[in-house]
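Here's the structure, in structure tokens; my notes come after.
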Amino acid sequence: MFKRMPGDEPHRIVSTTPDTAVVFKPAVVQTPAIITLVIFIARFVAGLFRLAWRHPIALAAVAVPAGLCLTYGWRVALLPVVPALVAMGAWAVLDRPTFLRWVGWRLLAFARWFWIYRRHWQPVMTVAGLARHISGREYVPRLVKVTSDSWADRLTVRMLDGQAAKDWSDRIENLSHGFGSESCRVAVAKAGRLVLTFPRHDPLAAPIAALPIPGTPTVGPVEIGRQEDGSPWLLRLHGTHVLVAGATGAGKGSIIWSAIRGLMPAMRAGLVEIWALDPKLMELSYGKALFGGRYAADPADCADLLDEAVSVMHKRAARFAGVQRSHTPTLDDPFVLVVVDEVAFLTAYQSDRQLRQRISAALATLTTQGRAVGVGVLAALQGPRKEVMNIRNLFPDKIALRLDESEQVDMVLGDGARDRGALADRISPRPERGAGVGYVRLEISPDPIRVRAAYVSDYDIRAMAGEVR
Ligand SMILES: Nc1ncnc2c1ncn2[C@@H]1O[C@H](COP(=O)(O)OP(=O)(O)OP(=O)(O)O)[C@@H](O)[C@H]1O
Ligand SMILES: [Mg+2]
């Protein structure tokens, strides 16, 4: 590269004084223009082949009319184009879902790949620090595929060798700003491949009215609201325990009441009992009539009610032992759902030490042994602070509504949840936009799902309670 220095101790000659006579010059190899041209043409042709291979329909839709237009004039070109457009239009009107699935979303994905992701890919990768410059060569992660659906674009990405998903999840802000989206989710598709999800708009921005009470009694997954992709959000309560954490006004009540609402027919049929612990006296007292006397607000009464639940559980366990290993709700053995609003009032913040220990022990017993005998716990929690968090691990399924600090997200949902896109600290504090919005992490999947609970108003609760009286 450099001119050879005379002598065998060059460092003596090299001087840092400004007027030094020693100059390093890189050797420049002149490339003939023809070689540069050939390389450009080869790249262009390869690009065309790649385009035809990856997007044959889109290319044909442009190339066929253009070819006809050039060869026979625009009138001839219109001959296949007009019927095709009319057929598409008719399809779109007559059967919109299949049209969107087969044509609409694919066209949108192509347009967004062409206009946004392909165009900004290299700059965003470089500035975000996801591309690497090694020995004069630039290595950029490969954008394999873009798909779109009603609310988001999904990018399949081939990471650089040696990269980890965490390198990407640490940069979700760079990525979302870079591609003009509100947020970005990172999920591993398989070894070396990621799927980045960029929502185009927020389908959960508007509140959802209380859902209709189901027609048939069911203890199966209860519809609580909607998921980000528009599908119903079904929450399993029978056979698990659920913890809901959120700052004050985050909408914990709407999850509790939506769950109760979904279980109403089964309650009426005698297959479900809801036992309510309401230490704040505000949330569940509204629907007291629904709980058939299993309602407690005073901490001592709460402890008694929990002990009773534990004793029901033990009795069932003794009867079931050796006979059945899982619970099916019956009139004799209904599913008992213990609903606790603001569980920390009963545990961490309870000043009576004996009572606190009694309640904590009962909760721990219920959550560790209740699953198989049909006793479940649905608990709400306001401030997920350290002293409260030892109860977190007792709950297999967790929901984080709006939280005050980013560290609290992992405290509620478990390590790495925020990195995977559970931005519970960014949920809007305005009730109409953010109340009831949260992230769910189920026992079966590490990826948090964004959801919004339907809002069960005081009027709805009164109507529900009235039905039972
Ligand atoms: N799912 C929802 N959709 C729209 N608005 C909601 C929803 N849930 C709650 N809200 C609004 O937010 C307000 C506070 O909700 P809620 O009382 O359920 O919060 P919380 O989390 O229980 O708060 P706290 O910890 O203070 O009891 C409600 O009065 C209502 O106006
Ligand atoms: Mg509340």
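Cβ coordinates are placed from backbone N, Cα and C, and glycine is handled just like the others.
On a predicted model such as this, the values are computed, not experimentally measured, just so you know.
Quick look at what TrEMBL lists:
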- 33-53: transmembrane segment (TRANSMEM)
- 230-410: domain 'FtsK' (DOMAIN)
- GLY246, ALA247, THR248, GLY249, ALA250, GLY251, LYS252, GLY253: ATP binding site (BINDING)
Near-site residues: ATP, ref GLY246, ALA247, THR248, GLY249, ALA250, GLY251, LYS252, GLY253, CB cutoff 8 A to centroid:
GLN382, LEU401, ARG402, ALA435
Those binding-site residues, ALA247, ALA250, GLY251, LYS252, GLY253: which ones have a Cβ sitting under 6 Å from ligand 1?
ALA250, GLY251, LYS252, GLY253
What are the non-local neighbours of ALA247 (ATP binding site), defined as same-chain residues 6+ apart in sequence with CB under 8 A from its CB?
GLN382, GLY383, LEU401, ARG402, LEU403, ASP404
So if I take the binding-site residues (GLY246, GLY249, GLY253) and measure from each Cβ to the nearest atom of ligand 2, which come out below 6 Å?
GLY253
Which ones in the same chain are close to LYS252 (ATP binding site), with CB under 8 Å and 6+ residues apart in sequence?
VAL244, ALA245, GLY246, GLU283, ASP341, ALA380, GLN382, LEU401
Looking at the domain 'FtsK' (230-410) alone, can you tell me the average pLDDT?
88
Which residues of the same chain, at least 6 positions away in sequence, have a Cβ lying under 8 Å from the Cβ of THR248 (ATP binding site)?
GLN382
Let me make sure I understand the structure: which of the binding-site residues listed (GLY246, GLY249, GLY253) has the fewest other Cβ atoms within 10 A of its Cβ?
GLY249
Across all chains shown, how many C-beta atoms besides its own are within 10 angstroms of the C-beta of GLY251 (ATP binding site)?
25
